[in-house]
Amino acid sequence: MKVVITGAAGQISYSLVPFLCQQGVFKSNEKIDLALVEIPSAMERLNGFVKELEDSAYSTVNSISTFDNIQDAVIDADWCLLVGSIPRGIVLNGKEIKERSDLLQINGGIFTEQGKAIGEKAKQSCKILVVGNPANTNALIGYSNSPNKNQFWMAMTMLDALRAKAQLSIKLNCHVDDIYRLAVFGNHSPTMFPDLENTNINGQNAYDLINNHSWVENEYLPRIQQRGAEIIKARGASSASSAARAACDTVKAVEHPTRSGDVFNAAILSDGAYGMPEGIFSGFPLISDGNGDIEIVRDFSLSDFAKNKLEITANELLEERNFIKELI
Ligand code: NAD
Ligand code: LMR
């Protein structure tokens, strides 16, 4: 089981790699060959992290290798977690990078090379999760540059779903595990749409239980949509521990069957489901059979309010696609 992680000396990876090395994340009992990738200038920092990983003596791990290039790292990979990229909040050339989409010009190029290498050298059954922002459009760049259209590309919206569940559990005083069918549609950006109208809590509809549309529209939605920015403001750095947990949860959700009556969240290439245009990576409610088959759950009913929100986030994804059209 070969697992490639880019940006391995960064903040997210510092939590993500230990999470992935816990028992039970992957379905297979095969031991993990970790392939950790960084840019040349970060290799020394990565080597320090490798020493810590060695000292952790994980029984799940077979080997740990480091790479300063993607081509050698991804040979025969089963999973590629593409974290390596620049986060927003930094100042570049005197200008603060405010929105994730402002990162397109900086990060987009990384994913052309990575997509090509993964398509040429990783396993046919390889699963790819893009975490680096703007994740949806970076996934589109990677997928488009890959010569292999059978591998399974995703962008991370699990963190948005976890945030949406956490805030709902606070509002309704229930446990997060009692929440079923909470889907986040669209872009990992301030236009994302966490839908409560199809969400259940112990068999009861969440939207009905809240019974307050104004709270949903004017408090809940902006809180989830702006959570990343809120964390950057407070921490002076983008979310890392929660992002790592969400990335590990995405791997788990793909590797194991989805619990009955529930969904998990990731952005995948749209086939037109729920009116999201084909050819963009959009967040959808998904189920996994635990054997590599992942499908969009198609029985969510969308109100006019929800349809309007989906149109807004779809338009943003189309704009982002247009912006990088020479990369795909
Ligand atoms: P970080 O700056 O701490 O680490 C990023 C690492 O990537 C650095 O060590 C850097 O050297 C490395 N890197 C840059 N270019 C690379 C390349 N071409 N190949 C390999 N490695 C490369 O950042 P972080 O906090 O770990 O965040 C990483 C990314 O994840 C950011 O783009 C951030 O915005 C994004 N993010 C996404 C989500 C999500 O929900 N999708 C959540 C949180 C953060
Ligand atoms: C997040 O949602 O926390 C990440 O995408 C980081 C960011 O830029 O907000």
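Note: Cβ is positioned from N, Cα and C throughout, glycine not excepted.
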Original post:
Do you know which of Asn107, Asn145, Asn148, Asn150 TrEMBL groups with Val131, Gly132, Asn133 in the NAD(+) site?
Top reply: Asn107
Subject >> Candidate nearest Asn107 (NAD(+) binding site) in space, where candidates are the recorded positions Arg88, Asn133, Arg163, His188 and distance is Cα-Cα >> reply: Asn133
**OP:** Specify all same-chain residues, apart from the site residues Asn107, Val131, Gly132, Asn133, whose Cβ lies within 8 angstroms of the center of the Cβ atoms of the NAD(+) site, ordered by sequence.
**Re:** Leu82, Val83, Gly84, Ser85, Ile86, Pro87, Arg100, Leu103, Val130, Pro134, Ala135, Asn138
Subject >> Close-lying recorded positions around ligand 1 among Gly132, Arg163, His188, where CB distance stays under 6 Å >> reply: Gly132, His188
Subject >> Arithmetic mean of per-residue pLDDT over the domain 'Lactate/malate dehydrogenase C-terminal' (157-324) >> reply: 97
**OP:** Give the sequence-ordered list of residues that share a chain with Asn133 (substrate binding site), lie 6 or more positions from it, and have CB atoms under 8 Å from its CB.
**Re:** Ser85, Pro87, Arg88, Arg100, Leu103, Asn107, His188
Original post:
C-alpha of Val131 (NAD(+) binding site) to C-alpha of Arg163 (substrate binding site): distance in Å?
Top reply: 16
